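Have a look at the structure below, then the notes.
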Amino acid sequence: MLQCFLRSSKTVTTVPRSLTSLIYPSFLLFYSSSPNPPPNQRQPSPSPIASPTRVLKLISAQSDPLLAKEIFDIATTQPGFRHSYSSFLVLILKLGRSKHFSLVDDLLVRLKSDQYRVTPTLFSYLIKIYAEADLPEKALSVFYKMLEFNVKPLPRHLNRILELLVSHRNFIMPAFDLFKTAHKYGVFPNTKSYNILMGAFCLNGDLSIAYKLFNKMFERDVMPDVESYRILMQGLCRKSQVNRAVDLLEDMLNKGFEPDSLSYSTLLNSLCRKKKLREAYKLLCRMKVKGCNPDIVHYNTVILGFCREGRAMDAVKVLEDMPSNGCLPNLVSYRTLVGGLCDQGMFDEAKKYMEEMLSKGFSPHFSVSHALIKGFCSVGKIDAATEVLGEMLELREVPHTDTWGTIVPTICEDYETDKMEEILEEVMKVEIKRDTRIVEAGIGLENYLIRKIRNRSK
């Protein structure tokens, strides 16, 4: 007969496996009979005295949440057995992460009916579980569930629930209702609470509500922070109210706040889009005085603003000022500037900055080199155009199809056969790859050769 060996701290006893498996799994049973009972003595019945600590370890070690729940249920059937609170906590986590939410609800009912002393940590885990599962309604219910357990919600619980609610547009008003009533339950919104709601209303286009919340902070002695101002500035800029956003920056500075980098980025971008380039440049210069050194994003924003408005030489000034202010131009800075100079027909100046870009190890986008080559070709500077093309080929940069289509016909038109062959021989020295696309420029050569043949025929 198969035997099952069960070990306690004092004795080791063998019992038929068929008897134990029908009642309890062996890992939950302990026996306290003597090792060799007399033949005429009745075999003692199992005493289900597995400790709550042992059950907790078994539940914790189980990777299958449903099997962990089965262990929990079997232990529950033992007379006089009471689970530890930690067993509930671990099992709720396992079931919640595996989305067995009905079983989680059952365990919460059990905790309540058995009058366990519950800690706020349990509800923090529940909010996190429902957030990961993207269940805003369940997360909202946690707030009121805490009250049922006589656990006072903390501001961090409120804020985490608010964050989840406002991430769904149709739950913004339920979030606002919770925010307004939280104080009735002894939970007072803090700065982060206000920021969450203000950000949600700004994104939703309800700027007036966001402004009211901002003003309420001062009435209720809640100190706004840099993020509070930034959220409102971003909302104003989205509504194209950049002047009000600048006024808010002034208010922020007057009250002793130091705007962060993102606040300045928001204003600079908005000023440039509204074509207020002078104000944008003044703000850029003012940043360092106010304790925030402009970074590459701030400079590139202003350079792009000037180039968009056909003021490439002002963009040159901004780029030239960068090193003295501790910020070096990057690839985007040069690409934007070269493109802006080309758009204004300043091809020699653009070539100068493209060469500077290449000398610093930056690779120009094909659109930049194409604009420069096309520009030189349009004003008859074929030598300059072929020089740019040669530099690109030396760097193993693949010219765009349109670039070949622009320069080859121009060469054919402007040079004698010998000169054209010389240039094309230099080009052909470069390794031709699948994506070189020089073949697609053949239409220009084809037209040239057709004209030559017709001239000879005449």
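Glycine residues also receive a Cβ, built from the backbone N, Cα and C atoms like all the rest.
Heads up, TrEMBL stuff is auto-annotated, nobody curated it.
Here's what TrEMBL has on this protein:
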- 119-153: repeat 'PPR' (REPEAT)
- 190-224: repeat 'PPR' (REPEAT)
- 225-259: repeat 'PPR' (REPEAT)
- 260-294: repeat 'PPR' (REPEAT)
- 295-329: repeat 'PPR' (REPEAT)
- 330-364: repeat 'PPR' (REPEAT)
- 365-399: repeat 'PPR' (REPEAT)
- Query: Looking only at the repeat 'PPR' (365-399), what are its DSSP counts of helix, strand and coil residues?
  - Reply: 26 helix, 0 strand, 9 coil
- Helix, strand, coil residue numbers for the repeat 'PPR' (260-294) per DSSP? 26 helix, 0 strand, 9 coil
- Note on the structure: For the repeat 'PPR' (260-294), the distant same-chain contacts (Cβ-Cβ under 8 Å, at least six residues beyond its ends) come to 226, 229-230, 233-234, 237, 240, 242, 245-246, 249, 252-253, 301-302, 304-306, 308-309, 311, 314, 318, 325-327
- Message: Quick test of the contact rule: Cβ under 8 Å, at least six residues beyond the ends. What residues does that give for the repeat 'PPR' (330-364)?
- Response: 296, 299-300, 303-304, 306-308, 310, 312-313, 315-316, 319, 322, 371-372, 375-376, 379, 381, 384, 388, 391-392, 395, 397
